[in-house]
Amino acid sequence: MSNLYLNKNKFDVDLAIFYLLWPIIISPKEVQFVVIAAILFVLITRHKLYFDSLSYFLVTFIFIYFFSIVYNVLEHAIETERILATINTFILWVFAFLFYSIYKSVDINLKAIKKISFINYLLLIILWMVSLTVYHLTNNPSFSILHRILYYSEWFGGKEVMRFVALMEYSNLIVLFFMFFYPLYSLFILELQYKLLKIPLLIIGLIPIFSTFSRSGYIIILIYLLSIALLYFYRKMNCNLFISFISFLSACCIFIFMYTGFSQELFSVLNELLSAREGSNDSRTFLITESIRVTIENSPIIGMGIKTTSSIGYPLGSHSTFVGFFYKAGIIGFILSLIIFTIIAIKLLISKGNLTHSIMKLSLLLMIPMFIVEDIDGSNWLIIFYFIFASILINKKNTHKNF
């Protein structure tokens, strides 16, 4: 049982951001900013910055974004609150670039990351259990702790459900949290000596995701789990056997889709899932359309810089990373976003590593299409951890090590 706990006498400063993840999540944004800045300052004093092709494109985007902010502040009357929020987002991009550049040169302790990730994910499960207990015992439609929402009830597919938020800014962040930490949580469990605990703990780890009622999350995680299964068989089988297995599987799928009613059932379920919250669909579509229109009409080349509030109450340029790039930094920013994520994808695909490395790389790769409907900078911790994990997995010093 001693495996479950980290040796308190061996606090690794390089992993401080992992140790402090939950304190960062539950803190006000101002406190989050200070904590992240303090960790970054300590890391900068301990390590050199490593620059690669991705670094230069990130710097270019940051420069264009800065120029767009300054230009639009001078050209338009903008609320102070929106300017401050934009400054926070801008500095977050600078932080993300610096974290990426630092972890590219750090010989990191992957086994320690695995243990910390297990504890971080275990805390998510505990919060889910608390939510479920409070919701069913009290029938409260919402519950908050420290001014953070633990859960709230809403209508989904014609039924009232408990939507788990886990003290984060919004529930979809739990899906991204899952993709970062569930693989390492699972790996830690599989190494436990108590065999009877393994399967229950693995299944329990999946359940909080269903309580998010995130439609994009459901689809991505289904694809993710299927991809992990294929990746596992690919690693365990020889090439010819794997090709035969895939051919047989493909033939079975074609037969099922062509000669049974499964395809109709599947499309019916997907359609029901996508229309489960029609109000959300309408709001997202309006917001994305309005963000693109405003940018094209006012500043198509360098963007609007500052996310002003739309008529439906959400900031323009939100709810999509790629639309956000276009809104913040115009056509230049959008092109840079495609280049940045293409470079990340290529670097992840060509980097070496064992099965666990491959599963973690798969997580980051599948987040890229998810960013079509999610903001990478919608939360302070999300953007930081995306670039930290990308850097760790790309770093050649880590490819020969096991989590």
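Cβ atoms are placed via backbone N, Cα and C, with glycine included.
Automatic, uncurated: that is what TrEMBL annotation is.
Per TrEMBL, these features apply:
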type	residues	note
DOMAIN	201-336	domain 'O-antigen ligase-related'
TRANSMEM	20-44	transmembrane segment
TRANSMEM	56-74	transmembrane segment
TRANSMEM	86-106	transmembrane segment
TRANSMEM	118-138	transmembrane segment
TRANSMEM	161-182	transmembrane segment
TRANSMEM	194-211	transmembrane segment
TRANSMEM	217-234	transmembrane segment
TRANSMEM	241-262	transmembrane segment
TRANSMEM	325-346	transmembrane segment
TRANSMEM	353-372	transmembrane segment
TRANSMEM	378-395	transmembrane segment
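Highest Cβ pair count under 8 Å relative to the transmembrane segment (20-44), across stretches 56-74, 86-106, 241-262, 325-346, 353-372: 86-106.
Long-range contacts of the transmembrane segment (161-182) within the same chain: residues 25-26, 117, 120-121, 124, 127-128, 131-132, 135, 145-146, 148-155, 205-206, 208-209, 211-214, 216-217, 220-221, 224, 363-364, 366-367, 370, 374, 378-379, 382, 385, 389, each at least 6 residues beyond the stretch ends and with a Cβ under 8 Å from a Cβ of the stretch. If one looks beyond the transmembrane segment (86-106) by at least 6 residues along the same chain, the residues whose Cβ comes under 8 Å of a Cβ in the stretch are 14, 17, 29, 33, 36-37, 40, 43-44, 47-52, 54-55, 58-59, 61-62, 65-66, 69, 305-307, 377, 380, 383-384, 386-388, 390-392, 394-395, 397. The stretch with the most CB contacts under 8 Å to the transmembrane segment (217-234), chosen from 118-138, 241-262, 353-372, 378-395, is 353-372.
Sequence-distant contacts of the transmembrane segment (378-395) (same chain, at least 6 residues past either end, Cβ-Cβ under 8 Å): 17, 21, 24-25, 29, 32-33, 36, 88, 92-93, 95-97, 99-106, 108, 110, 113, 168-170, 173, 176, 180, 318, 344, 347-348, 351, 353, 357, 360-361, 363-364, 367. Here the transmembrane segment (118-138) has long-range neighbours at 4, 6, 18, 21-22, 150-151, 153, 162, 164, 166-167, 174, 177, 181-182, 184-185, 188-189, 204-205, 207-208, 211, meaning same-chain residues at least 6 beyond its ends whose C-beta is under 8 angstroms from one of its own. Model confidence over the domain 'O-antigen ligase-related' (201-336) stands at 83, taken as the mean pLDDT rounded to a whole number. Residue counts for the domain 'O-antigen ligase-related' (201-336) under DSSP, split into helix (H, G, I), strand (E, B) and coil, are 103 helix, 2 strand, 31 coil.
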